[in-house]
Amino acid sequence: MSNSSSLKEFLLLAFADTRELQLLHFSFFLGIYLAALLGNGLIITAVACDHRLHTPMYFFLLNLSILDLGSISTTVPKSMANSLWNTRAISYLGCAAQLFLVIFLFTGEFSLLTVMAYDRFVAICRPLHYGTIMGGRACVKMAAAAWASCFLNALLHIGNIFSVPLCQRNVVDQFFCELPQILRLSCSDSYLREVGLIVFSVCLFFGCFIFIVLSYVQIFSAVLRIPSEQGRHKAFSMCLPHLAVVSLCVSTVLFAHLKPPSLSSPALDLVVAVLYAVVPPTLNPLIYSMRNKELKDALRKVISWAFFSREKMLICPLTCVTSALSVMLWM
């Protein structure tokens, strides 16, 4: 095919060829997707409804859960539908939209994790100035900057890569429209601008990663100077969930994109893509709620409202909307 104008659709990589395995894949992804929806949905509801959680840490956690819901909803449902209906096709515009959302939401998640590292640094290393530095307006501005910068980054990538002629086949060797896979379909002499954008994005990624590492070096230095064991335990409890989420995100992404070419194969690339696109959004709610007593208490209240009080179920949505607005405008 000579250029992208002749493309009407792309063909995604199928998980299996036999009908039984396709249905198994559908059931497996359905279970993971429902778990991610439940976990992130509960956290969003708990933070929005419980006034005790209207703090900077939980405000950023609410944003992270929204990003996780968006990222897993961008990739998994289409793959499930393809397995259920025994097809591999995704439309040209559908692929462009999916790629835009993948770049936007995945980079947004790492930007937000960087902001959360700064929040933990201020809370532990500058506790007397925490209320001033991490005020409501400052938190909203930091979250808005993370969302806006990633939106612009995704827009630049999409506008550039789909303006490049696609001279190769229309088969995408992944279960969703992934940037490296789409780039492989481009003409070999016309994707230098996109490579430049990728290098810029990689530099930003490593800049954020170095910022997080330096923040935690100072955090751990400050924690080790705390005289009481109870104080050190409380400080570590505040940081370990965030550090675990960052480690999960970074390790899966780095392994996916920096593994040696000799290890590359369609099957391995598929498994690695599942690790970084599906596993973190599903496990993040579990990681954050595992050692967090305040969040556990709020989640118990949400579950009790949902199962034991119809009256509260009718009142809660309006309350949650009002509370969510107050979180966004929290001062």
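Each residue, glycine too, has its Cβ placed from N, Cα and C.
Pulled from TrEMBL:
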DOMAIN    39-288  domain 'G-protein coupled receptors family 1 profile'
TRANSMEM  23-45  transmembrane segment
TRANSMEM  57-76  transmembrane segment
TRANSMEM  96-118  transmembrane segment
TRANSMEM  138-156  transmembrane segment
TRANSMEM  198-223  transmembrane segment
TRANSMEM  235-258  transmembrane segment
TRANSMEM  270-290  transmembrane segment
- Note on the structure: Long-range Cβ contacts under 8 Å made by the transmembrane segment (235-258), restricted to residues 6 or more beyond its ends, are 57, 64, 106, 109-110, 113, 116-117, 120, 123-124, 180, 209, 212, 216, 219, 222-223, 226, 269, 272-273, 275-276, 279-280, 283-284, 287-288, 290-292
- Within the predicted model, mean pLDDT of the domain 'G-protein coupled receptors family 1 profile' (39-288): 86
